[in-house]
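**Student:** After the structure tokens below, expect a handful of questions from me.
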Amino acid sequence: QLNFMVDLEFLMSNYKAGRADGKPLLVMYGQMEGDTKDFSSVTCVKVNLPFIYGTHHTKMMIFEYRDGLRVVVHTANLVPDDWYEKTQGFWVSPIFPLLENGKSGLLDGESPTRFKRDLVEYLLSYKAPDLVRWTHIIMKYDFSSCNVVFVGSTPGYHTGEDKDRWGHMKVRRAIRQHATSWKSSLPIIAQCSSIAFLSGTCCISK
């Protein structure tokens, strides 16, 4: 679970309802309520935020099952108000199967939209050992059925080649890359969790 605001009691009550509260769970968070000592199967890691601007607003779930892997990208913090009082959106991937013959590579089972590489690159950008372990898990799976583009936004300032890897600049690059395969009438839906700070002279984006 990667999220900005996490209410641990609320999150684990849902895992308990699904009879999955004993499964190992990694939570990468920006802000948290709750005591991690109450849940022995949970590892909670606060995201390192080196700058006041450019924070961690990711809302994503990665599930590993016996027969595959699934990615969910959504818009809600893991707090009751966001789930019970507000309208939210989410994208649920198909279940990606294991690669055949024990393969485990970044290019093996890649999708036409390079979803697998972009997801792994995004997780590695956090420089967190727990997420590095998840990149090795992801590389074992076949993402060839995925037909969407992954657009991440990672904490920090990005210049040079890096500026086109994240956020709205990545959206622009993706449109250019796939212009020939996407029909002109195909809608492009974008969601941004925060515009951050506006003034008369500038906008500093999170």
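Numbers run from 1 along the shown chain.
Any Cβ shown, glycine's included, is placed from N, Cα and C.
Features from TrEMBL:
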ACT_SITE  His57  active site, nucleophile
BINDING   Lys59  substrate binding site
**Student:** Determine the Cβ neighbour count for His57 (active site, nucleophile): the number of other Cβ atoms within 10 Å of its Cβ.
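**Tutor:** Other Cβ atoms within 10 Å of His57 (active site, nucleophile): 19.
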**Student:** Let me check the 10 A CB neighbour count of the residue listed as 'substrate binding site'. How many other CB atoms are there?
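**Tutor:** The residue listed as 'substrate binding site' is surrounded by 22 other Cβ atoms within 10 Å.
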